[in-house]
Amino acid sequence: QGFILLDDVACVGTELSLLDCPHSNWGQHDCSHAEDLGVRSAHVFSPSGPPVRLVDGESTKEGRVEVLLNGQWGSVCDDDWTDRDATVVCRQLGFSGTAKARAMAYFGEGHGPIHLDNVECSGMEHTLGQCAMPDTRIHSCWHSEDAGVIC
């Protein structure tokens with residue numbers, strides 16, 4: 001509802017503010033409110049393997065680990081979840097340095113499926129998808145066991 005202020009916004013990703021991006025003149029547009037957009041802050045990156053994101057943390061560097069499989073975001077069970085696994089998640093998201101694993105739904109319980117259980121990373125992998133893991137359809141977890149990381 002209300003005025004549509006911006007159209008044709010063309011950010012490259014290095015801008016500090018949305019207003020630093022090229023855009024049409026204020027109030028000039030060929031849009032309807034059916035084209036309104038929103039942004040949900042989630043750090044997502046996936047060079048290989050399923051996309052990974054961190055949610056419900058106090059910053060983009062922490063949160064419950066979720067992976068996108070079959071078009072649906074789901075959590076990771078904390079069985080065998082270690083700092084090595086956390087290191088790989090943080091690396092996949094572009095963070096370096098120390099990574100800490102968090103268990104027992106430290107960042108709250110997820111609501112979707114539980115996609116992964118018994119993830120086994122050496123800590124040297126670049127993505128969670130490169131780590132060993134058993135059949136993703138079989139697990140014995142509840143959302144109270146959702147894994148998290150602090151990068």
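Placed from the backbone N, Cα and C atoms, the Cβ positions cover glycine too.
Per TrEMBL, the feature domain 'SRCR' maps to 1-42 (among others).
Among the features that TrEMBL reports, disulfide bond is placed at Cys11-Cys21 (among others).
The domain 'SRCR' feature in TrEMBL is assigned to 52-151 (among others). Broken down with DSSP, the domain 'SRCR' (52-151) shows 16 helix, 31 strand, 53 coil.
For Cys77-Cys141 (among others), the entry in TrEMBL reads disulfide bond.
What TrEMBL lists as disulfide bond is Cys90-Cys151 (among others). Less than 8 angstroms from the CB of Cys151 (disulfide bond) sit Leu54, Lys61, Glu62, Ala86, Val89, Cys90, Leu93, Phe95, Gly97, Ala99, each of them six or more residues away in the same chain.
In the shown protein chains, 19 other C-beta atoms lie within 10 A of the C-beta of Cys131 (disulfide bond). Here TrEMBL flags Cys121-Cys131 (among others) as disulfide bond.
Here Cys21 (disulfide bond) is positioned 40 angstrom away from Cys77 (disulfide bond), judged by their C-alpha atoms. With respect to their backbone Cα atoms, Cys141 (disulfide bond) and Cys11 (disulfide bond) stand 41 Å from each other. A sphere of 10 angstroms centred on the C-beta of Cys11 (disulfide bond) encloses 12 other C-beta atoms.
When the disulfide-bonded residues Cys90, Cys141 are compared by the number of other C-beta atoms lying within 10 angstroms of their own C-beta, Cys141 comes out lowest. If you take every residue in the domain 'SRCR' (1-42) and average the pLDDT, you get 70.
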